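Following: one structure in structure tokens, then a few remarks.
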Amino acid sequence: MPQPQQHTADYSSAAYEAQLQQKLIRLNQDFASFNLPEISVFRSPEKHFRMRTEFRIWHERGTAMYVMFSQTDKRPYPIREFPIGSERINQLMPELMALVNRHECLRHKLFQVEFLTSLSNQALITLVYHKPLDEEWISAATDLRKQLNVEIIGRSRKQKILLERDHIIECLKVNGREYRYQQVEGSFTQPNARVCEQMLSWAQEQTRHTGGDLLELYCGNGNFTLPLAQNFDRVLATEISKTSVDSALYNSRLNQVENLQIARMSSEEFTQAMDGVREFNRLKHISLNDYRFSTIFVDPPRAGLDPATCHLAQRFDNIVYISCNPETLKDNLQTLTQTHQICTFAAFDQFPYTHHLECGVLLQRR
């Protein structure tokens, strides 16, 4: 393996603040035409903020090691510590690799390792292989699970071996109340738990005195749904992923949220249902006419809202928009501000030391 140059990433308070200020300068420049109110800024911990990550595995002289690949020449370099990873990830990394290297059946053709951890100190490790997994592997992985006190999943082509659970439980504090979430292996979860808590608290505050009913699109595992539900009479949420819908229903029961209904459908399909263009069997148990929606909450993928969903949002008095891509947010705001005004704007440093910045916007009808 080529010997990489010594990586001397700076995770000091000064370095963190410098990178954040650069992102905020760019954000203000990009949104200058909207005459934004003062931006509320929510900072991340400087280290140990990332709750999930994955590493490729490099094999050399009978030893496996974690590697990443240089962005310049694509060469692998070993990862011996991971300061942005959670403390639990950093604890597990050397312990796991030491045990893997002691057992040929665990090490042989191991291709990738994925970590999922929580603030409640739970952990799930997925081991991905380029070989079929057999009874010998199951026996060794079962011992590994007990020694590390983690959940273990084995994956290879057309094969998934679940030893016990395929999820962990995360506990997030939102304005003084604790919410528990099932986080399933392979499904989307917010990577920065401390910033996620701030995002949930912010969204809850924006809707505290709104009342009426809430429509949420792209609800995922109910991440925002559960804290928001206490501010509304009823909540109707949509999500396309079956795994996420199942988790959202599980999480609503776990947190005793009883004013929520979930429909498994895309935002485009829901728009057709609202307009009476199509009828959906998945909505047979829901009477849309019974809802008195005051607010729509959207947390779309990086592509942002499609034009039809943008126009759907304009029908609501209040729009709460969480964006993981300021570029598509800017495009959507060109449409939304034709009928609504921006009341509050927030920046969440979900991904420190990258150019990414998460945003939150509250818009109200003019």
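Quick reminder: no glycine exception, Cβ is built from N, Cα and C everywhere.
Here's what Swiss-Prot has on this protein:
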BINDING   GLN190, TYR218, ASN223, GLU239, ASP299  S-adenosyl-L-methionine binding site
ACT_SITE  CYS324  active site, nucleophile
ACT_SITE  GLU358  active site, proton acceptor
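Of the recorded residues, GLU239 (S-adenosyl-L-methionine binding site) and CYS324 (active site, nucleophile) place their C-alpha atoms 17 Å from one another.
Reported as a whole number, the C-alpha separation between ASN223 (S-adenosyl-L-methionine binding site) and GLU358 (active site, proton acceptor) equals 15 Å.
The Cβ centroid of GLN190, TYR218, ASN223, GLU239, ASP299 marks the S-adenosyl-L-methionine site; residues of that chain outside this set whose Cβ lies within 8 Å of it are PHE188, CYS219, GLY220, ASN221, PHE224, SER244, ILE322, given in sequence order. Restricting the recorded positions GLN190, TYR218, GLU358 to those with a CA within 10 Å of the CA of CYS324 (active site, nucleophile) leaves GLU358, listed by sequence position. Neighbour count (other Cβ atoms within 10 Å of the Cβ, all protein chains): 22 for TYR218 (S-adenosyl-L-methionine binding site).
Annotation for ASP299 (S-adenosyl-L-methionine binding site): spatial neighbours LEU217, TYR218, CYS219, GLY220, ASN223, PHE224, TYR321, ILE322, SER323, criterion Cβ-Cβ under 8 Å with sequence separation of six or more. The separation of GLU358 (active site, proton acceptor) from GLN190 (S-adenosyl-L-methionine binding site), Cα to Cα, is 11 Å. GLN190 (S-adenosyl-L-methionine binding site) counts 25 other C-beta atoms within 10 Å of its own C-beta, drawing on all protein chains shown. The Cβ neighbour count for CYS324 (active site, nucleophile), using a 10 Å radius over every protein chain in view, is 19.
Taken residue by residue with DSSP, GLU358 (active site, proton acceptor) is part of a strand. Take the CB of the residue listed as 'active site, proton acceptor' and look out to 10 A: across all protein chains shown you find 24 other CB atoms.
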